[in-house]
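> Quick paste from TrEMBL:
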- 11-161: domain 'ATP-sulfurylase PUA-like' (DOMAIN)
- 172-384: domain 'Sulphate adenylyltransferase catalytic' (DOMAIN)
- 392-543: domain 'APS kinase' (DOMAIN)
- G400, F401, S402, G403, S404, G405, K406, S407: ATP binding site (BINDING)
Amino acid sequence: MTMLSNLAPIPELYVSYESAQKLKLEAGDLQSHDLTPRQICDLELLMNGGFYPLKGFLSEADYDGVVENMRLTDGTLWPMPINLDVKEEFADKIEIGQDIALRDQEGVILATMTVTDKWVPNKAREAEMVFGADDLAHPAVNYLHHTAGKVYLGGPVTGIQQPVHYDFRARRDTPNELRAYFRKLGWRRIVAFQTRNPLHRAHQELTFRAAKEAQANLLIHPVVGMTKPGDVDHFTRVRCYEAVLDKYPAATTTMSLLNLAMRMAGPREAVWHGLIRRNHGCTHFIVGRDHAGPGKNSQGQDFYGPYDAQELFKKHQDEIGLEMVDFKHMVYVQEKAQYYPVSEVPEGSTVLDISGTELRRRLREGLEIPEWFSFPEVVTELRRTSPPRSKQGFTVFFTGFSGSGKSTIANALMVKLMEMGGRPVTLLDGDVVRKHLSSELGFSKEHRDINIKRIGYVASEITKNGGIAICAPIAPYASTRRAVREMVEAYGAFCEVHVATTIEECERRDRKGLYKLAREGKIKEFTGISDPYDVPENPELRVETENVDVDNCAHQVLLMLESMGLIAG
Ligand code: PPS
């Protein structure tokens, strides 16, 4: 591979506008593959030169080389498999040599690919070699086994158009756009900072210090494609980055968004990030402790050593074509009211630091985040998206037999929460849902599951938007309740309340006369009589209703919500 100067344009895979128009028309006859969100990220960087020297999705031989020893068959360093994974049914329709159309999720054609290779990869080997272990606790290994298709297709790509982005358009640059920008400003030495987290004062200090040390200008180059599950969303992060950008001396620093799908592959990922930044015209790259770390493995240990990434990068630095700049862990020294690298702290001084976990706790509980730690504009942005728990949405999910008292307690709870005010409250009572959302459904296992998942979806949307959802279906199956919990917990708290009235008591009460009909066989599949009910094993709360009045039951729920930090005490 020829090494390109950081000022020269880098080869792209796009064809001219006229050829693209022609290809679009012709592609109507081709088999189409609908790209996954991750493949769209990969394709964008393939087409715009971010993944130079790759010319398409890896062939089988290149894939083997990359997996085994981080090299393409021609010997070029490339640490990450970039594959077009597809379902078997699609692969079965494709012959070697055939052109296929690659489309985004709206059906817009972005590229064509000539399929030169088709194979079933050994995913366990890929996991071991690339990510260090075949362990599902690693997000990319989990993706490999549970999301990626079974068959890989390889072959050169012809670029037709960039994926469409509607957000932060002015902040997105191709490698050639960044190279042109650096040329225009006369920037010869550029140090890139990779990030998937909001920046605070320590980051601003360390990046600026790195740029000074390298006598370079600084590129803040955050990933906005796919990062680690659970990260702060990129919309919030970009607003935070924009606030921090103003804190650097004028004309020293710029920011550009990178539509990369990270794999969290630690050392290999650091090398990959370096190659991508070289392609974007940078000359230096900051690599930190535990760069692109995936967190703990299923044994509770780190996947990689803290400095593995720096070591691997150093080893291949010449080939990558970028100089590594050590990330210095910066801490605040109280007496000096200044940040210092941890190794240069004056003896006997008081060091202040706030970990990521502690920051999340403070945000969750609405506690102070000091000015020495972050910029007020950043804290305001983070508080807007992560309000304290007492201002977030949540779901209370009652479950129990018909006639157990779920609806009555749920109604009392709703009224009490409305009396408190602050958040909108919606009651998704069993009867109401069956009338408005599930009127076509019966009581088979399949139909009950559909019914409960609909309730879960609505509750998760309410929770996401800051409201309170109170659900009161029978929900007899533990696995379905678990699925609903997962849906809701993606956005806020889930409080399961088992209304533990016994079946004997429900039958004795028989408010609607349904138990009598069920006993007579006039209602089939009746929960507790002729259909199962999985008693919740670990609900947040279990309420007994015999000899306890409704007001008291609802109050118990309120106390539980208070102890979960969801309502102010
Ligand atoms: S489920 O299992 O969660 O989908 O049930 P749900 O939507 O809560 O509906 C339960 C109400 O439907 C009436 N009903 C039955 N319940 C259980 N089994 C059978 N076969 C059945 N047929 C009708 C019953 O009135 C339930 O109301 P509640 O409010 O629970 O008493």
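Glycine is treated like the rest: Cβ placed from N, Cα and C.
Whatever TrEMBL says is automated annotation, not expert-curated.
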> For the binding-site residues G403, G405, which one has the sparsest Cβ surroundings, going by other Cβ atoms within 10 Å?
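Among the binding-site residues G403, G405, the sparsest Cβ neighbourhood within 10 Å belongs to G403.
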> Among the binding-site residues G400, F401, G403, G405, S407, name every one whose Cβ is found under 6 angstroms from ligand 1, counting any of its atoms.
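Those binding-site residues that pass the cut-off, since their Cβ is under 6 Å from ligand 1, are G403, S407.
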> Suppose the ATP site is G400, F401, S402, G403, S404, G405, K406, S407. Which further residues of the same chain have a Cβ inside 8 angstroms of that site's Cβ centroid?
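Near the ATP site, the remaining chain residues are I474, V499, T501, C506.
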> Provide the three-state secondary structure of S407 (ATP binding site) computed with DSSP.
helix
> Validating a neighbour-count step here. Other CB atoms within 10 A of the CB of S404 (ATP binding site): how many?
25
